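Per TrEMBL, divalent metal cation binding site is recorded for H66, D104, H312, E316.
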Amino acid sequence: MNLRELVSALNDFASPSLAESWDNVGLLVEPSPPHTVNTLFLTNDLTEEVMEEAVQKKADLVLSYHPPIFAPLKRVTWKTWKERLVVRALENRIGIYSPHTAYDAIPHGVNNWLTKGLGTCTSVPLHPSTAPSSPAEGTHRVEFCADAEHLDAVLSKIKDIPEISCLTTLPARVEGEEQTRVSLNCSQKALLEVVALLSQNSLLYHKTEILLLQKPLLPHTGMGRLCTLSEPVSLSDIIKRVKGHLQLPHVRVAVGAGRTLESPMKKVALCAGSGSSVLKGTEADLYLTGEMSHHDVLDAVSKGISVILCEHSNTERGFLSELRDALTIHLQNKINIIVSKKDRDPLQVA
């Protein structure tokens, strides 16, 4: 497939608009066009060892779950390992694409895969995603009626306000008089200026309606998951299930205050990777994630919530095999897709 065609297909699989605002997703490194992709190489972390593997496998595009370019690069030299990744990629005509939190949010993504280690359960996103393009623009809609005497002056001033969109006018009849109905979308900041302008004329102001534009929630889409088990399971049994699902010999466990390893778990809140900010404040029997700060663990435990920590990328990497199968179908078997064998979590128990 042509690289740009493939990137479009990957964006259809998981829209970059679902990623968190702080994230850096999409095509990060692009060889000079035209660039044909015969082999897509999947990894959780693109390290130098993994890049060497991609070169040996003659990969044309690396899909790295974590973006190897996150903080802006001021130069591309041989000095730092992330700069060397870019150099190696371009020298070997290998593109780099990263989906990261877009894959966390989608219904068939990383967090959904992580729930499968718990056993039979139902799950909902902890922080649901909203439709990225509905309604069109702005946070508020303002509507008011004006007569011919005031219309041109008001519209002239409104058009000078930044962050105004979807400005429309329609004929209207109000209390037997011919007037014009004005409708516009605006940001929160622009709303203050619009209201200040309209309040200068009491007749306009009293005929003003302000509507909050709320984007609809996307079903089964968003950050984290709150899972309700079909039957209560002891903490010790869930630990065994998680270790089996993630193929780990060890996990770290904090038992909630007043609980034991035999306490029944019914509600599990989980988030792949670093879950503190996503899980914080959620009522559950158990938090499952890769890593949390010491104080966030203490806070959870004080509330009787147990915590299982598996190390950051261990809660993500196993998804790659499922992703390979899903992308094979999505891309209609047009390219060869392989999963890195060198990719691993940097931490281990010694």
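The backbone N, Cα and C atoms fix where each Cβ goes, and this holds for glycine too.
Known features from TrEMBL, placed on the structure.
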| residue | record | contacts (Cβ under 8 Å, 6+ apart) |
| --- | --- | --- |
| H66 | divalent metal cation binding site | N44, D45, L46, S98, H100, S313 |
| D104 | divalent metal cation binding site | V110, N111, M223, C271, A272, G273 |
| H312 | divalent metal cation binding site | G273, S274, G290, E291, D345 |
| E316 | divalent metal cation binding site | N44, Y65, V110, A272, G273, G290 |
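For the recorded divalent metal cation site, residues H66, D104, H312, E316 set the reference point as the centre of their Cβ atoms, and the other residues of that chain within 8 Å of it by Cβ are N44, Y65, H100, V110, A272, G273, S274, G290, S313, T315.
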